[in-house]
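Take a look at the structure below.
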Amino acid sequence: MADLLGSMRRTHNCGVLRKEDTGKTVTLMGWAQRWRDHGGVIFIDLRDRYGVTQVVFNPENNAEVHKLADSIRSEWVIAVQGEVLERPDGMVNPKMETGEIEVMVSDLKILNKSKTPPFMVEDNAEVSENLRLEYRYLDLRRPRIAKNIMLRHQVGACVRAFLNENEFLDIETPVLTKSTPEGARDYLVPSRVNTGLFYALPQSPQLFKQLLMVAGYDRYYQIVRCFRDEDLRADRQPEFTQIDLEMSFVGEEDVMGIAEQMIAKVFKDVMGKEVKTPFDRLTYKDAMDRYGLDKPDLRFDLELKEVSSIVEGSDFKVFASVVKKGGMVKAMNAKGCAHFSRKVIDDLTAFVAVYGAKGLAWIKVKEDGSWQSPIAKFFTDDEKAAMAQTLDMAPGDLIFFVADNVKVTNDALGHLRNRVAKELGLIDENEFRFVWVTEFPLVEYDETDKRYVALHHPFTAPMEEDLDLLESDPGAVRSRAYDMVLNGTELGGGSIRIHQPEMQEKVFNMLGLGQEEAEEKFGFLLKALAFGAPPHGGLAFGFDRLIMLLSGENSIRDIIPFPKTQKAACLLTDAPSEVAFEQLAELALRIKKDPAS
């Protein structure tokens, strides 16, 4: 096949030329984005992943090239050679990085034609997400998406450079592994050579990185693909990428310290932003008490206050009965929000109902200091005074109350706090506020299964001072776990691990994993821990989520090259898809048909 390029070779990309390059002869290659004819002179915006350059075809310079340019259409692939000229006065485009120059073309080659695209390959084109994902290769040409993909590369390169400099080893772990379901479902892969047996795709490299610590590789990392068969949300994908770290001979502060340095380097080198270290610390208890959520957004105040002790003896039976049953009454002072209409309050009441709240009580403080509220009449002067002091009430304030069990109360008010902050414009979108949340509960009680389950995973070490509670009060045991939170979003989490087999067996037993089941699922880990496992810990960052936050995108699908839909489908390749009967037969599998279909 003939070489369409001939002697042409690209000298510059479409985003690099500036006024200083005037007079140079250059060769550019890319896609024709826009085509315009002004008085017989043809202007084409030539695009590649680096940017856009205006190229000009004047019939007086080369009539043959001009005639060929007249045939070019949107998204054709072309190569041009010509001279860089400074744009005439009044023709400079300040919106383009190359807007001070243009290239007067002397030679043109059409490298490939294109069908008419199903949508304009431009950032401002209105197009459905499904169509974008079906033609993802076109969507990836759009400057905004291309910028996100390049940002992804830059962050990955920065992370690797930092960890390499700090003596971490990039070690691959298996993709086909054993199914040890904890929480989310595993993706299963049938084995052809071992009929009836299955591999699982890893939800994380957790166990293998711990085994690497046992093996003596004291600093490990991977930017690794992980898989979870779970329902999708805006920030979830069935396959995702995480920055995975593990270190030996460390405590919590060592792991958090290296993670802070890594994130600070990413922000400085990639984003040009200085990040103050060390990051703030909040215990899980403090986070829940003050913000209602274990992922608090600290860019604004609006702290929550418990008022259970003030209202437990009040005549307002809704509050008093909740406290009597062991629940909680909590409040949030929305400063200066007494102007909120009843409709707004009704909307917020419906909002907290999503999180299980049965109602949203409220009090407006009028200019004379008196209360306007359906519940004001139920409180004595002493109770009012105590609430006013606890909640720092002042004229113009609006106080919201939720009374329910501890989980519902915190969940409802925590999300209400975020909602009100957005509506009041309290959030500085240019601020990056980090916080470590520490000392999570080791376990939580599952009401459905009537047993304790690990809050993070069953390999998390309990705090030394709580070991005596493992058998008597498991729910009170704090773990050596830590989450890094940025602007109310969990960036990553980790823990110090259990490194002694006796303690690991004890925790398994507390979680209802008998010796036989523990041996079946995790026998290889218990065996390894018995061969001199060092104290170790680590963490994993959600790489996709980090890129989403850095790029300012609202959907994780806009920062992944080839994402799945909310139904875990790839519209580009039409996956998942049926497979041939012969393939199933080789695996000794048969599809059970739905009787309703």
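The backbone N, Cα and C atoms fix where each Cβ goes, glycine too.
Annotated L-aspartate binding site per Swiss-Prot: GLU182, ARG228, HIS456, ARG497, in sequence order, evidence recorded as sequence analysis. The C-beta environment of HIS456 (L-aspartate binding site), restricted to residues of the same chain at least 6 apart in sequence and closer than 8 Å, consists of PHE440, SER479, ALA481, GLY493, SER495.
Under the DSSP three-state reduction, ARG228 (L-aspartate binding site) is assigned to coil, being neither helix nor strand. Residues or ranges marked as ATP binding site in Swiss-Prot: ARG228, ASP229, GLU230, GLN237, GLU490, GLY542, PHE543, ASP544, ARG545.
Annotation source Swiss-Prot lists region 'Aspartate' at 206-209, citing sequence analysis. Taken through DSSP, the region 'Aspartate' (206-209) splits into 4 helix, 0 strand, 0 coil.
Here Swiss-Prot flags HIS38 (among others) as site 'Important for tRNA non-discrimination'. In sequence order, no residues are near HIS38 (site 'Important for tRNA non-discrimination'), counting only same-chain partners six or more apart with C-beta under 8 A.
Residues within less than 8 Å, Cβ to Cβ, of GLY90 (site 'Important for tRNA non-discrimination') and separated from it by at least 6 positions along the same chain comprise none. What Swiss-Prot lists as site 'Important for tRNA non-discrimination' is GLY90 (among others), and the listing cites sequence analysis.
Counted within 10 Å of its Cβ, the other Cβ atoms near GLU230 (ATP binding site) come to 14, all protein chains included. Annotated pair ARG228 (L-aspartate binding site) and GLU490 (ATP binding site), C-alpha to C-alpha distance, rounded: 18 Å. Between the CA atoms of GLU490 (ATP binding site) and ARG497 (L-aspartate binding site) there is a gap of 20 Å. For PHE543 (ATP binding site) paired with ARG497 (L-aspartate binding site), the C-alpha to C-alpha distance reads 22 Å. GLU490 (ATP binding site) carries a strand DSSP state (E or B).
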